[in-house]
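*Asks:* Input: one structure, supplied below.
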Amino acid sequence: MTHSKILGTGGYLPEKVLTNHDLEAMVETSDAWIQERTGIRKRHIVSDTESTCDLAEQAARCALDMAGCRPEEIDLIIIATTTPDQIFPSTASILQQRLRIHNACPVFDIQAVCTGFVYALGIADQFIRNGSVKRALVIGAESFSRIIDWTDRGTCVLFGDGAGAVVLGASDEQGIIATHLHADGRYRTLLHVPGGPGKAPADHDAWDHHVHMKGNEVFKWAVNTLGKIAEETLEANGFAKSDLDWLIPHQANVRIIQATARKLKLPMERVVVTVQDHGNTSAASVPLALDVAVRDGRIQPGQLLLMEAFGGGFTWGSALVRF
Ligand code: COA
């Protein structure tokens, strides 16, 4: 049986850093409030000359390097992003050209907001399992700062920009054990950007391209859902909570992460937390956290990892992985 194995990881954060103290000068907030309610200290923000594809390219090159894989060996690219460079073609098409992958392999973007990377991993895994793809580049990349209303203190303190990537390869060894993907569109207006190119122009918010969020309702949903999906995933695949080596959760708020760890009876030492330095980078958050813990040596070959995410839609999902 063919499995998808993670062969390499990569991450990239734009150079520009925005601290909580910087935000104090922009909206009525304080470093103390942001740290206490979210755990965030700083986030990285794209410059005026950077795009989502620039971030994706850097992360992809790091992952390819670690995997020892040449770009032309890649036969699938999926980029999870809410903030593509263009309406079309896909950011994956732009990246395919930049990496000079001229083998006519399929490339596309997917949109599941903060759950995007986990969705993309699940999709790539299907291609590899059915034998049509041998090496996939799966990326989460966001310039989320571009869709933030920088006068709204309820959202602008939470988000950041970045990209994370993995190279997946077909293998006889176990790798991605299972992915579980979910959505419930009834809750879509609790966290959304109302405008879009396809919306009827007469609709009063067709041109509103900023994030709107009912923070405390999203918080409750995220805590409940992330706890449930972790348990659902372990049980469905015959694992106990104690089998887990690492939880790599979506990095939205440290209080949400701590609540999930408590439900799993997992000490925080076995949870990868980057939210303090990255903020919420949406689709980039899980692969960036994965890359940090792989590169600093915490995550070792053979360990059992659970990645999980929650985001606008609502969407949520998990990936159980033997690294
Ligand atoms: N600085 C200072 N005060 C702020 C603030 C800020 N940046 N943002 C909101 N407040 C105020 C509110 O106006 C409110 O004031 P009031 O009591 O006078 O009305 C007070 O703080 C409490 O607001 P509330 O929204 O209840 O706070 P909270 O404890 O729920 O924390 C969030 C707010 C946004 C940090 C929290 O709800 C959260 O993290 N939600 C989930 C967000 C998320 O993860 N989204 C992405 C999911 S993928």
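Quick reminder: no glycine exception, Cβ is built from N, Cα and C everywhere.
Values in this document were obtained by computation on a predicted structure and should not be read as measured data.
Here TrEMBL flags 108-185 as domain 'Beta-ketoacyl-[acyl-carrier-protein] synthase III N-terminal'. Residues annotated as active site in TrEMBL: C114, H250, N280. The domain 'Beta-ketoacyl-[acyl-carrier-protein] synthase III C-terminal' annotation in TrEMBL covers 234-322. Sequence annotations record features per position, and here TrEMBL assigns region 'ACP-binding' to 251-255.
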*Asks:* Using DSSP, tally how many residues of the domain 'Beta-ketoacyl-[acyl-carrier-protein] synthase III C-terminal' (234-322) sit in helix, strand and coil.
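*Replies:* Secondary-structure composition of the domain 'Beta-ketoacyl-[acyl-carrier-protein] synthase III C-terminal' (234-322): 37 helix, 22 strand, 30 coil.
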*Asks:* Calculate the distance in Å between the alpha carbons (Cα) of C114 (active site) and H250 (active site), and round it to a whole number.
*Replies:* 7
*Asks:* A 10 Å Cβ contact count, applied to the active-site residues C114, H250, N280: which residue has the minimum?
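*Replies:* Looking at the active-site residues C114, H250, N280, the Cβ with the fewest others within 10 Å is that of N280.
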*Asks:* Give the distance between the Cα atoms of H250 (active site) and N280 (active site), rounded to the nearest whole Å.
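*Replies:* It is 8 Å, counting Cα to Cα.
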